[in-house]
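K.L.:
Below: one structure in structure tokens.
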Amino acid sequence: MSGGKYVDSEGHLYTVPIREQGNIYKPNNKAMAEEMNEKQVYDAHTKEIDLVNRDPKHLNDDVVKIDFEDVIAEPEGTHSFDGIWKASFTTFTVTKYWFYRLLSALFGIPMALIWGIYFAILSFLHIWAVVPCIKSFLIEIQCISRVYSIYVHTFCDPLFEAIGKIFSNIRINTQKEI
């Protein structure tokens, strides 16, 4: 560490030698990551979003894909004028498109804020209230389950075993009379 220049395995030039074990907070992380084949962790808040495919998990495939043909249809023998049909199609499609954009512009960010708060509260309650309550219940119920198990093995098992032996010798013969 005399201030000399060093070259690492990838050819990068640096002044202070890098520890082979990794940084001081995670000793052996460099060697362990290669040995354990750990994946690189990405922060969910800094990931890029896809502006083309906005439903990558196909949440709304069957619900909101409503086109003109799904709502308005004229059966054979009952047709309006072609111009009216084309104008209706255009009016429906453009109105749906721009009204959705208007609603998204007005209410999209407030609704995202509300749903973000809601799911944050839900996650918080699940992590800090629900799971600890269930774990404590399971710990507390364990002593009751032991007492119940002793009761069943002491009283119920012999009783039902005796009843089973009583009814095990019953034989039924059926005869068919003509």
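Glycine is treated like the rest: Cβ placed from N, Cα and C.
Annotation source Swiss-Prot lists ubiquitin cross-link at K5, K26, K30, K39, K47, K57, citing similarity to another entry. The intramembrane segment annotation in Swiss-Prot covers 105-125, and the record cites sequence analysis as its basis. Annotation source Swiss-Prot lists phosphotyrosine at Y6, Y14, Y25. Per Swiss-Prot, region 'Interaction with CAVIN3' is recorded for 82-94. Summarising the annotation, Swiss-Prot assigns region 'Interacts with SPRY1, SPRY2, SPRY3 and SPRY4' to 131-142, 167-178.
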K.L.:
Sorry to bug you, but what's the C-alpha spacing from K57 (ubiquitin cross-link) to K47 (ubiquitin cross-link), rounded to the closest Å?
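P.N.:
So the alpha carbons of K47 (ubiquitin cross-link) and K57 (ubiquitin cross-link) sit roughly 16 Å from each other.
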K.L.:
Using DSSP and collapsing to three states, where does K57 (ubiquitin cross-link) fall: helix, strand or coil?
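P.N.:
DSSP assigns K57 (ubiquitin cross-link) to coil.
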K.L.:
Kindly assign K47 (ubiquitin cross-link) to one of the three DSSP-derived states: helix, strand or coil.
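P.N.:
Note: K47 (ubiquitin cross-link) is coil by DSSP, not helix or strand.
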K.L.:
Over the span of the region 'Interacts with SPRY1, SPRY2, SPRY3 and SPRY4' (167-178), how high is the average pLDDT in this prediction?
P.N.:
87
K.L.:
Among all the protein chains here, how many other CB atoms are within 10 A of the CB of K47 (ubiquitin cross-link)?
P.N.:
7
K.L.:
Have a look around K57 (ubiquitin cross-link) and count the other CB atoms within 10 A of its CB, chains all included.
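P.N.:
Here the count is 6.
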